[in-house]
Amino acid sequence: METKRVEIPGSVLDDLCSRFILHIPSEERDNAIRVCFQIELAHWFYLDFYMQNTPGLPQCGIRDFAKAVFSHCPFLLPQGEDVEKVLDEWKEYKMGVPTYGAIILDETLENVLLVQGYLAKSGWGFPKGKVNKEEAPHDCAAREVFEETGFDIKDYICKDDYIELRINDQLARLYIIPGIPKDTKFNPKTRREIRNIEWFSIEKLPCHRNDMTPKSKLGLAPNKFFMAIPFIRPLRDWLSRRFGDSSDSDNGFSSTGSTPAKPTVEKLSRTKFRHSQQLFPDGSPGDQWVKHRQPLQQKPYNNHSEMSDLLKGKNQSMRGNGRKQYQDSPNQKKRTNGLQPAKQQNSLMKCEKKLHPRKLQDNFETDAVYDLPSSSEDQLLEHAEGQPVACNGHCKFPFSSRAFLSFKFDHNAIMKILDL
C-alpha cells in the first residue's frame, strides 16, 4: 500500500511566492533561470522557518520544491516549458557562476578554518558562495564568509592575495586571510546551512583523494574534505613563497619573502630564529657547507702526517670499493715516518665498525647535527642568511659531514706525498 505524499499547503506557497518571486522585476520574472534562483531563496526560508515552526510540513529537496512552486504559479512558465528541463538548465548555469570565499589562517599559519554543511553527509570546505549580479569578487567573498561564519573579513582582505582554480568549469577564488586568532568566536548568520566550524591543521589535510593523512591523524576519510582538497597544495605553496623564511617577528610573518630549499608549514609558524634547526634556507646543502667551510680553511694542519692520514684513508676506501688500486712505493713509506701507529689505529677502528655495524637509526640521530670542537678563541661562522653567529666551545652545523668540516688544505703536505 502506497502512502500518500504530503504536499506543501497552498497558504505556505502563497506566502513564499509573495516574499521572493512576485516582487522581482518583470524582465527577471520572465527569465526561468532567474526565477529558479528566487525559488532557491524561498526553499531556504521554508527549511529555516516554516519547518521549524510548523510541525508536519514535508521536508523536500530543491527539485520537489521548485515543481510545487511552478505548479502553484503556472504563469511563471508562460510557454509551458518542461519543469525538469528548466531545472537542468538552471543547474548547468549555476555550475558556471563563479564562487568566491576565503581561506582563514590562524596566527601561527599552521591551522585553517573549515565549515561543514548542514546535511548529514556534508563534508568540510572553505566558506564561499556564488556571486550575485554586478557584485565585486572581494565583496562576494566577504558577504559569503560573514553569512557562513559570522566573521567580517572586509578589514583583512587583500585583493591580490588569493588562490583561483577552475573546478568542473566553475571558477572558484579564495582570498587568503592570515593572522586570525584561534579564540575568535564564529557564529553562522544563516540557518540550516552550516553545521560546524572548526580549525584544522594544514599538515593533516589531504592533498588528493587517495591521501590517507586525515584518516590516520583525524579519524576522517579523505572524501570528507573533497571540497577543500584542490586548494591544499596551492595553499602550502603560497605559504612557502610568502612566509618561507623565518624571522624574529612575533607574528611568524617574514619580511624577506624568499623561498627556502625545503619549506614546511611547521617552519612557517616559528616565531624566533633557531640557527641549529635551519634547513638550508638560502640554497642547496652544498652551498651551506661551503659557507661553513670557509673560515675553517684558514688554519692549516699542524703537521704533514695528518694530511697523509687523510689521503691514505681515502686510498684504503677506494681499494674496498673495487676501484683502481694504488701501491705505496718504498720511497713513500720512508717519508711517512710517523704514520704506522695512525695506520694501525685506522685498522682497529674499521674492525670495530665491522663488529658493531652502523644502524640506520644512528644515521638520523647522530648525523643530523655534528659537534665540532673549536679552539679557545671564538670563531665567527657565516650563517646562511649572512648574519655572523658567535661560536664558543662547540658549534652545531645542520646536516654536515664531519670529514668536510674538519678538512684543512695544506699545499706542502700534498706536494711531498705526491713526490713533486
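Each Cβ is built from the backbone N, Cα and C atoms, and glycine gets one as well.
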Original post:
Among Ser284, Ser329, which is annotated phosphoserine in Swiss-Prot?
Top reply: Ser284
Subject >> Per Swiss-Prot record, range annotated motif 'Nudix box' [choices 129-150, 173-194, 349-370, 371-392] >> reply: 129-150
Subject >> Residue from Ser246, Ser254 to which Swiss-Prot assigns phosphoserine >> reply: Ser246
Original post:
Does DSSP put Glu144 (Mn(2+) binding site) in a helix, in a strand, or in coil?
Top reply: helix
Original post:
How many neighbouring Cβ atoms, not counting its own, are there within 10 Å of the Cβ of Glu144 (Mn(2+) binding site)?
Top reply: 22
Original post:
Counting across all protein chains shown, how many other Cβ atoms sit within 10 Å of the Cβ of Glu148 (Mn(2+) binding site)?
Top reply: 24
